[in-house]
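Novice: Sharing a structure here in C-alpha cells format.
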Amino acid sequence: MFQPSGQSSKQKHPKVKVLDPDIDYSKVKSVHSISSWWGIGGIFIVLFVGNITNYTNSHLPDGLRNAHLTHFPNAFIAERAWKDLKILNDFGPKPTGTYTNEVLAVDFLNREITYIDQLKNRNQQLIVQNQIVSGGYVGVYMNKSAANVYRNVQNVVVKLVGRSETSNRYALLLNCHFDSVAGSPGASDDSGSCAVMLEILRVLSRQSEVNRYSIIFLFNGAEETPLQASHGFITKHPWAADVRAFINLESAGSGGKEMLFQSGPKHPWLIEAYAKAVPYPYAQAAAEEIFQSGVIPSDTDFRVFRDVGRIPGMDFAHTANGYRYHTRYDSIDYIPLSVLQRTGDNILALTKTIANGDELGSTERYAQGYMVFYDFLGIFFVSYSADVGLMINLSVVLLSIIIPFLSLARSTSGTHGKQIRSETMTGFLATFLGAGASGVLCFFIGLQLDTIGRSMSWYSSTNLILGVYCCPALLCQCIVHLLCDRLFGSKTTPLSLALKVQARLNGVNLFWGMITLGITFTGYRLAYIFMVLILCSLCSSTLISMLGLQNTVHKWLLLHMFFQIVALAWSTQFYHILMNMFVPITGRIGSSINPDVIIGTLATFTTLFSCSYLTPLLFLLKKTDKLIGELVAITLIALVLASSTHVGFPYRDDAVKAPAVQRHYITHTVRKFFDYNGGERYTDSGFLLQELDRNAKKTIEGIAMPDVVTPMREIPACEKELFCAIPFYSIWHQVLFENYWLPAPAPVVRQAVTVSLREKEQLNEHEHRLHLVLKGSYQSSLIIGPKAGSTLKRWSLLSEIPAPIEFNGQRGHFVLLTAGVESEPMNITLDVRHELKKYDGPLIDLMVTTTHWEFHKEHTPVFNRLLARVPSWAHVVPSVAAVNSYTY
C-alpha cells in the first residue's frame, strides 16, 4: 500500500471492514471499475435500441394483392381497398356541402356497395339506407361552448344482417367519415378508413357463414364540421337503437399503424376481444388518458357515440406523420398497401370476434370497471383490470425496493445496513435533483432558442431533439449525480464500488416507485408505464440476489444491462410515440405557447425515463471525463446546427417525400354593416391571415410585403363591431389564435347567407321575440351578442343555449351552421329579455359569416398574387368569406 511521507497508515486509512479487498491503492482504482470508453458505449447502446424501437413502430406487413385471392379467399385484400381509396382521393378535397362530398363521394359509395351486394354470398343479406338528416347539439371545444347546427348532412348506412335479426336486432357499428377538411384530399383522414370498411364489408358478405349479430357500416359525410353526421345517425336513424358497441376508425396523421387509443368507457370485454383477435397489436391505455385530458387539439366521433348514444366502443387512429394531417399531402401518394393491410387485418379480425361473441347480446352484464392495456413493441399485448393493476403496481414497487436492500444487506452479513440506506437515499436524491435540474436547463435552452428567433428548429429534423434537449438533459443528470456523490456520498464507506452502485440504483427504484404509487392512487391507469420500467430492475436485482452476484466483478453488471436492454426498448418506444405525436402538433397550436418548452419538457422526461438506470453506472467508469466531454460536444454541435445553420430551418416541402409544412389560413373577406333600421352603415374588405405556429408571423409579414398587416384586435372595427367582425368559422381558430388583417379590394362572393327580421313580438313587459329568416345553404356561422341590458333566454335552434364566449371584451353566443345537401330558408326565433320594461330599442347584434372553401376558380387576381407569395414549404388553405352584421 502506498503511504505518503509524513502520514501514518492509521491516519490515512481508518480501520473499517473493507468489502473490496482487491483495490490497487497504488492506482487508487477498484477492480469493479470499467473502461471510460464504456460511458460512450452506453450512449451508443441507447441509440441502437432506440433505432430498433423506431423500426418496430413503423414496420408494417406486406399488402395482399388480387393474385393472393386464390390462396386467401377470406382475407382482407389491400389492393382492392387501395383502388377504392384512389377513387375517393382523386375527387380531391371533400368539405361537407361541396359537390365532391355530397354528390361524387356519395354516388361512389352507393355504387360500390351495390357491386358488393350483387356479388355477396346467397346466405348474406345487405340493407342499404341513405340518410339525410338535420339536427344539432351544444359542444364544448377547449372549454368554450358553441351550438353546432347541421342541415341535410348525409350518411350512407349499410347493414350486414346477422343470424339474431329474427330474435333481436343487436348490432356492432363500424364508423368512418368520407368528408375532409378544405385543401386536403383526406386520404388518411379518413377516406382510407372508409376504403378499409368497404373491403371488410366485401369480405364478410362473400363468406357463407352468417355472423351471429348484425354489423352496421356507417359512412358519414360530416365529421370535420365537427361530428355532425354521427350525431344525426345516433339520434335519428332507426338502426341506432340496435347498436350495442362500435368501432370508430380515424386518423390524426398519414399512414403508419393504427393505434387503439380510446375504449369503453368501462366494458373491459372490448379490450379482451382486442387481445384475442388482433394479429398486430398497437394500443396504450396511456394514450387514452392523455387524449381525454384535452392536451391534444382534436376530437373524434367516439365522443358522440359515447356521450350521446351511451354506447361503448373502441377508437382507432393513425398517428404517424402528423405533418401531413389536414394538408394537401394527406394523399394516396403516402398511403402504401401495407398501411391498409395492417388496419384491415386487425379490424376484420376484431369485427368478426365481437359480432360472434356472447357479450354483444348483453353488454351491460360486462360493463365492469376499467382495463389497463398496452403492447410491447407490437410483439405481444397485455391487459388486466384497473383493480389488478393497483395490486401489481403496489407489489412491484415494494418488492423493487425491499429485495435489493435485503440482497445488499445479506452480502454484507447485515453489518452495513446504515451505509446501504445512505447510498440508496443518495441515489434517490441525485435522480430527483437531476430530473429537476435537467428540466430547468432544457427550459432555459427553449427560451433562448425562441428569443433568437430559432424556435422549432427540430420540427422537420427531429434528430436535433436528441442533441438540443436529450443530450443536455443527460449531461445535467450525470453532473448532478457526481455532485451528489461529492456532497452526500461517504468518503470512507466500507461498501465495495459494486455494492455502492447497486444501492444507488435502488434509489432510482425509490424515485420511480413514488411516482408510480402517486399516479396509481390518484386513479390514473398510465402508472403501468413506470411499473414496467421498475419491473425490469426488479427482475435483474432478484436474479442477482438469487445467484449471489452482488459483489462479483462485473457479473452483476452484465445481468443488470441485459434487463436494461428490455427497459430501453420499453422506454424508447414512448419517446417515438410522444415525439411523433407532439412534434407535428406544435405546428398547429398557435403562437402563444413556446413549442420548444413543450418538446424540451418531453425530451427531459423521456431522457430520464430511458437513462435513469444507466446514469448511476458512471461511478464504475475509471474516468468520467470522456463521457462528460462527449455529451458537451454533442450538445454544442446540435445547438450550433439549430441556431446557426439551415439544418435548423423548421419546414420543408415534398422534395424528398417527407413534407413538414407551415400551415396558413388566408380568407379574402368582404364585410357589410347594417344599422338598426336596416340601412347599410359601411362596407370594407381585406384578407384575414391566421398565426398557427410560433414562426407564422414572420411568414405572414413576408407574404403581405410591401404592405403591413395589422393584428386583428387593433383594427378600427374592434372598437365598435361585435367580435371585431372577424369572419368566424370556428372557435378554435379565431378566438384562440392571433389573426391579422390586410386591407384589400373586395372578393367575388357567389352567394352569402343573409338574415332578415320578419317580426318583432312583445311577449311581456320584459321579453321580446325576434322572428328571423336565414337564407342561403352554405357553411356559415352566427354570433349573437345581446346588447347591454339584454339576455338571450330561449331560441328555436336547440333546446339549450351554450354559455357565451368572450372576445375583445364582448360576450356572444356562437353557432356553427353546416349545410350538406341544399336546403330551404331557415326560420329562427330568439327570445330576448331586457331589464327595462317595454323597451323598444335594439336588443342584439347579430353577425353571420359565410365561408366558401373550394372557390379557387373565382379567386380575384389580387388574391392569386397574394397566394403566389406563399413559400413552397407552407400549406395554405384559401377561402372567401362574406360577413353581414346586423342590429335588431
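Going from the start of the chain as shown, residues are counted 1 onward.
Even glycines carry a Cβ here, placed using N, Cα and C.
Just so you know, TrEMBL annotations never went through curation; they're auto-generated.
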Novice: Would you please say which range out of 36-55, 716-735 has the annotation transmembrane segment in TrEMBL?
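Specialist: Within the set 36-55, 716-735, TrEMBL attaches transmembrane segment to 36-55.
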Novice: If you look at how TrEMBL annotates this chain, which of 505-522, 739-756, 865-882 comes out as transmembrane segment?
Specialist: 505-522
Novice: Just to confirm my parser: what is the rounded mean pLDDT across the domain 'Peptidase M28' (155-350)?
Specialist: 96
Novice: Hey, which bits of the same chain come close to the transmembrane segment (464-484), Cβ under 8 Å, at least six residues off its ends?
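Specialist: Sequence-remote neighbours of the transmembrane segment (464-484) are 47, 426, 429-431, 433-435, 437-439, 441-442, 445-446, 449, 457-458, 504, 579, 583, 599-600, 603-604, 606-608, 611-612, 615-616, 618-619, 624, 627-628, 631-632, 634-635, 637-639, 641-642, 647-648.
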Novice: Go through the chain and flag residues at least 6 beyond the ends of the transmembrane segment (390-408) whose CB is under 8 A from any CB in it; none is fine as an answer.
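Specialist: Same-chain residues near the transmembrane segment (390-408) but 6 or more away: 384, 417, 420-421, 424, 499, 502-503, 505-506, 509-510, 513, 516-517, 520, 527-528, 531, 534-535, 537-538, 541-542, 544-545, 550.
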